[in-house]
Amino acid sequence: MSMPTIRAVRALTVRGGGADYHDQDAGHWIDDHIATPMSRYPEYRQSRQSFGINVLGTLVIEVEASDGTVGFAVTTGGEIGAFIVERHLARFIEGQRVTDIEKMWDQMFHATLYYGRKGVVLNAISGVDLALWDLLAKVRREPVHQLLGGKVRDELEFYATGARPDLAKEMGFIGGKLPLHHGPAEGEAGLRRNLDALADMRSRVGADFWLMLDCWMSLDVPYATRLAHEAHALGLKWIEECLPPDDYWGYAKLRRDVPRGMLVTTGEHEATRWGFRMLLEMECCDIIQPDVGWCGGLTELMRISALADARGVLVIPHGSSVYSYHFVTTRHNSPFAEFLMMAPQADRVVPMFDPLLLDEPVPVGGRMKVPDTPGFGVRLNPDVRMQRPYEH
């Protein structure tokens, strides 16, 4: 079978709901008083958008093959990411065979080492990589999970991230992850409010439902350690992303010091096999949580997963909807998945990338069979207005 080549790469941007899931209207739970690295400043505590968490916006990348097939993916990156794709990365994609994904990844990564390695550059590389997998699977008329080796389980089960784990339990999810609302700068009173909120939720969901805390890089080691010990009596399953991503030493100490049986998780804002190698070799966590749209795409996530598997560490990717689902269903060391509750009050199940994507699957009763539609099985919504800020 002769494989087509890639004739065009396009980078588009979108504002509002989409891959940049923080870009929401006022009143959404995700923009509430939630602890962040900026919570040390009172003027930036009440709303995460106040310090610009949503400034990037969504990046949509399309790759078109010589036979007219179009693959696409969405990630966070907006106009900055679009510039990187159009003005730098496109040269490594156009003219290549659709099968040469490894070569294209390697060239994109090494060509951007002097200003990249992590952050928006890796978001852009990840988006291109995901679009390439979507394209190849469509050319072959197969789902992406088939290209990754095939399913190892018939269906996925999910925990829910959002403000209402009690409602998530009613919907059939296996657990609920709450955002932490108060950081160290809010002192003893803030700590007590954090614990009171957890205790209230435990009383609502009962003793056997998983409860976790998402700390979003907002804590220091002493505070995180104390929070873990005081939350242990409330049956906290894990404490997530307590520290800045580069504080590997802090994570290693935290993992040593938390109560026996409590899990330490992180990795949402880590990237590449080298970043995750540090987390694994320094024994920083029990579960790694790479975001496939930020860590380097599927090509890199497979390498990250192999490193973790060799050390007996679980890989539970951060969010990412279909881009995670097609991966998780093919890996034994990814036994469940995360679902971000994107309804404003976290009171119903809606697609993560709504309204940008069509045919995006969602869990029913906390479970899902990953579709066998070619590619990632989703379509761009033609009614969503997109812009192409740069061309090459």
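Positions of Cβ are set from backbone N, Cα and C atoms, glycine also.
Summary of the site annotation: Swiss-Prot records Mg(2+) binding at ASP214, GLU268. Screening the candidates GLU188, GLU230, GLU240 against this entry identifies GLU240 as the one listed for that site. For the recorded positions given as HIS22, ARG48, HIS318, the lowest number of other CB atoms within 10 Å of the residue's CB is seen at HIS22. Sequence-distant neighbours of ASP214 (Mg(2+) binding site): residues of the same chain at least 6 apart with a C-beta under 8 Å from its C-beta are THR161, LYS177, LEU178, PRO179, LEU180, GLU240, GLU241.
Compute the center of the Cβ atoms of ASP214, GLU240, GLU268, which mark the site for Mg(2+); besides them, the chain residues with Cβ within 8 Å of that center are LYS177, CYS215, TRP216, GLU241, THR265, THR266, GLN289, HIS318. When secondary structure is read from DSSP and collapsed to three states, GLU240 (Mg(2+) binding site) falls in the strand class.
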